[in-house]
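For reference, TrEMBL has these:
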type	residues	note
DOMAIN	11-188	domain 'Glucose-6-phosphate dehydrogenase NAD-binding'
BINDING	ARG47, ASP86, VAL87, LYS149	NADP(+) binding site
BINDING	HIS179, LYS183, GLU217, ASP236, LYS341, LYS346	substrate binding site
DOMAIN	191-492	domain 'Glucose-6-phosphate dehydrogenase C-terminal'
ACT_SITE	HIS241	active site, proton acceptor
Amino acid sequence: MPEHKPVLFTIFGATGDLAYRKLYPSLYRLYHKGDLQENFAVIGTARREWSDAHYREIVQEAIASLEPDAVEAKNFASHFYYQAHDVQDTSHYDSIKQLTDELDEKYQLAGNRLYYLAMSPNHFGTIVTNLKKSGMKDSQGFHRVIIEKPFGSDFQSASQLNNEIGEVFAENEIYRIDHYLGKEMIQNISAIRFANNIFESLWNNRYIDNVQINLAESLGVEDRGGYYDKSGALKDMVQNHILQILSLLVMEPPAAFSNTEIRAEKIKALNAVRIYTPEEVQKNFVRGQYAAGKFDGKTFAAYREEPNVAADSKTETFVAGKFTVDNFRWSGVPFYIRTGKRLTEKGTRINIVFKQVPLNLFKAEINADCKERQLPPNILTIYIQPTEGFNLTLNGKEIGQGFDTHPVKLDYRNSAETVENSPEAYERLILDALRGDATNFTHWDEVAQSWRIVDAIRQAWDQTEPDFPNYEAGTMGPKAAYDLVAKDGFQWIWEPDEWYRERDLL
Ligand code: BG6
């Protein structure tokens, strides 16, 4: 039987898209599996005036695609209560407190509280201050707050936000969400590294040539132009998801597989990522913005034509770059990253490219440039999404006479059924928070250091005018992103647009 804890969730932003698409389905799955049982309740708050009955209908609608049993869905939704709320109005917190106390008694919630802040971050400070003032933090039991990204918009605003929240919640009560940390294959990075001696013993600058982290999206900005145009790909994807992945790849093995030990190693890892000077930024980072493009038989509008985006927007929808990790293990190994909207294909994957053998015995062939044939490198590919699994590319002998080598792939993928049935990122993270396990949430020191790294890039970019738009929708970004790796003698391992380029379709 799954262990379960009584708890009251208070969701700020209950009428929003995130609550509808992610939170209600995740809570339902936890309920269905027994991780939440009868002693839980949810207070949903937002500005709109909704009745409990309407709220419950919305909740049931949000879980309909999971095809719940009708009675179970109704029971589940009966735990949801709605309270219209203006974050600035202090009397509203008193009403929430009153409802909180009633529900605590009705459902026997032992004073356990999880506050979920799923709304604009400029309200977070006001909300937590008022939670405290209204006495909501006084119950016995745990008090935890889950905070959605973005956590600030630069180091300074993030620090200010952190100080405000820190006035009310201790660091071990704050759960900063990075939903990538809830993904199956991101969690698997630690297993691949620390449960396989063949990898961990080679996991350093003596054997690894370069590392490539791709977070490509085929979607554009959809209906999020208002937010995205102020953020851009650097803050939207690099500050959080990419630097989190990087820290998991470069951290030292933790002394134990525990929250404190793992996060301590990730903090050290991020502290070793070089903060670039403006000159280094110009050399090592590339930004892009998509132009209109025809792709896969469809026509896509340019970013500047998307709803709520300025017609002369200078916001980047693409970033490629090279991070440098200044420590004994990683000195000299480039970590290339690439992310963007409206790229050829949706795909998150990591390539660990190993160095060549010390001496190539199979170099007989000479190519047109009179260069001896190089062996293709060994590559460990970690597929995060949409497929999940990993692949090791080795060199084997071609069958037949002679001694030609060719790349052989040892491929493992989770079956579609396993992927379908495995818990969704939000489901895992909510359950972790309920259990008090903060391993897969970001510690303030990680967030702070990530902002310092990203602020240096942003500030350098702000000194110069970008030449936007500079890539067509449906491609893998501007040419400069290819030059970035080529000038170091490498190439992107993952090239989903190769097929189109060869046929002159891009
Ligand atoms: C979010 C970004 O954090 O991650 C979005 O704000 C992006 O712009 C999304 O689309 C990608 O997440 P996933 O899970 O679809 O890869």
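Each residue, glycine too, has its Cβ placed from N, Cα and C.
Caution: TrEMBL annotation is automatic and unverified by curators.
Remember, it's a predicted structure, so these values are computed and weren't measured experimentally.
Locations of recorded TrEMBL features on the structure.
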residue: ARG47; record: NADP(+) binding site; Cβ neighbours (10 Å): 12
residue: ASP86; record: NADP(+) binding site; Cβ neighbours (10 Å): 11
residue: VAL87; record: NADP(+) binding site; Cβ neighbours (10 Å): 20
residue: LYS149; record: NADP(+) binding site; Cβ neighbours (10 Å): 18
residue: HIS179; record: substrate binding site; Cβ neighbours (10 Å): 19
residue: GLU217; record: substrate binding site; Cβ neighbours (10 Å): 19
residue: ASP236; record: substrate binding site; Cβ neighbours (10 Å): 23
residue: HIS241; record: active site, proton acceptor; Cβ neighbours (10 Å): 22
residue: LYS341; record: substrate binding site; Cβ neighbours (10 Å): 24
residue: LYS346; record: substrate binding site; Cβ neighbours (10 Å): 13
- In sequence order, those binding-site residues of VAL87, LYS183, ASP236, LYS341, LYS346 whose CB lies under 6 Å from ligand 1: ASP236
- Message: Return only the integer: C-alpha distance in Å from GLU217 (substrate binding site) to LYS149 (NADP(+) binding site).
- Response: 19
- Task: Write down the Cα-Cα distance for ASP86 (NADP(+) binding site) and LYS346 (substrate binding site), rounded and given in Å.
- Result: 38
- Query: What three-state class does DSSP give HIS179 (substrate binding site)?
  - Reply: helix
- With LYS341 (substrate binding site) as the reference Cα, tell me which of the recorded positions ARG47, ASP86, VAL87, LYS149, HIS241 is the closest one. HIS241
- How long is the line from the C-alpha of ARG47 (NADP(+) binding site) to the C-alpha of HIS241 (active site, proton acceptor), rounded to the nearest angstrom? 30
- Of the binding-site residues ASP86, VAL87, LYS149, HIS179, LYS183, the one whose Cα sits nearest to the Cα of the residue listed as 'active site, proton acceptor' is HIS179
- Message: Measuring Cα to Cα, how many Å separate VAL87 (NADP(+) binding site) from HIS179 (substrate binding site)?
- Response: 25
- Query: Just how spread out is the substrate site if you go by the largest Cα to Cα distance in Å among HIS179, LYS183, GLU217, ASP236, LYS341, LYS346?
  - Reply: 20
- Query: If you measure from the C-alpha of LYS149 (NADP(+) binding site), which of the binding-site residues HIS179, LYS183, ASP236 fall inside 10 Å?
  - Reply: HIS179, ASP236
- Residues ARG47, ASP86, VAL87, LYS149 [recorded NADP(+) binders]: greatest CA to CA distance in Å: 21
- Hey, how far is HIS179 (substrate binding site) from ASP86 (NADP(+) binding site), Cα to Cα, in Å? 27
